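Structure first, then comments.
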Amino acid sequence: MIIGVLAIQGDVEEHEEAVKKAGYKAKKVKRVEDLEGIDALIIPGGESTAIGKLMKKYGLLEKIKNSDLPILGTCAGMVLLSKGTGINQILLELMDITVKRNAYGRQVDSFEKEIEFKDLGKVYGVFIRAPVVDKILSNDVEVIARDDDKIVGVKQGKYMALSFHPELSEDGYKVYKYFVENCVKNK
Ligand code: GLN
């Protein structure tokens, strides 16, 4: 199992480490050629407007959109998988959700807390200027993680999107296993 990590922006190495800790191989994806041979792709956090523009510039946007790849998007990656954010920005639009960016407000830059994750119980969530799911647009979308009344994790077929950063917590590797078992193997 080789999991690609989109290496345009964000904490790529931390994702690679977590992928390895979960028992899989990791590969950086910088250009279209790097998509060759991977079984799934992770889109890390960062700045979603910048990542979207650069994905388009490098030809990755269309390639990824039209590929059969299972995708895990975290934070900005969740934004990029969504169908809308309320502002005009380049998105993959692969999941039937809209998101609210920086949903916890500008003052709350980042925080950490335990959240309830489907089948995994409590998972430690690191939130950094995090988006949350605003609207669910189809019955194919399943909520897999919540922070009180906020939806911070969703799955739709081979796609999974999280508001938080599993690569930054001790137990986060469990989430990668969940992704592989539920989105990659069952795609
Ligand atoms: N707020 C950022 C965005 O919408 C995401 C922040 C993050 O990825 N840590 O692009």
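Cβ from N, Cα, C; glycine included.
Quick look at what TrEMBL annotates:
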type	residues	note
ACT_SITE	C75	active site, nucleophile
ACT_SITE	H165	active site, charge relay system
ACT_SITE	E167	active site, charge relay system
BINDING	G46, E47, S48, R101, I128, R129	L-glutamine binding site
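Location within the structure of each feature annotated in TrEMBL.
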residue	record	Cβ neighbours (10 Å)
G46	L-glutamine binding site	22
E47	L-glutamine binding site	15
S48	L-glutamine binding site	26
C75	active site, nucleophile	29
R101	L-glutamine binding site	20
I128	L-glutamine binding site	19
R129	L-glutamine binding site	17
H165	active site, charge relay system	27
E167	active site, charge relay system	27
Longest CA-CA distance among G46, E47, S48, R101, I128, R129, per record bound to L-glutamine, angstrom: 13
Distance check against I128 (L-glutamine binding site) for the active-site residues C75, H165, E167, keeping those with Cα within 10 Å: C75, H165
G46 (L-glutamine binding site) - helix vs strand vs coil (DSSP): coil
Where I128 (L-glutamine binding site) falls in three-state DSSP terms: strand
Subset of recorded positions (E47, S48, C75, R129) lying within 10 A of H165 (active site, charge relay system), CA to CA, in sequence order: C75
Per DSSP, three-state class assigned to E167 (active site, charge relay system): helix
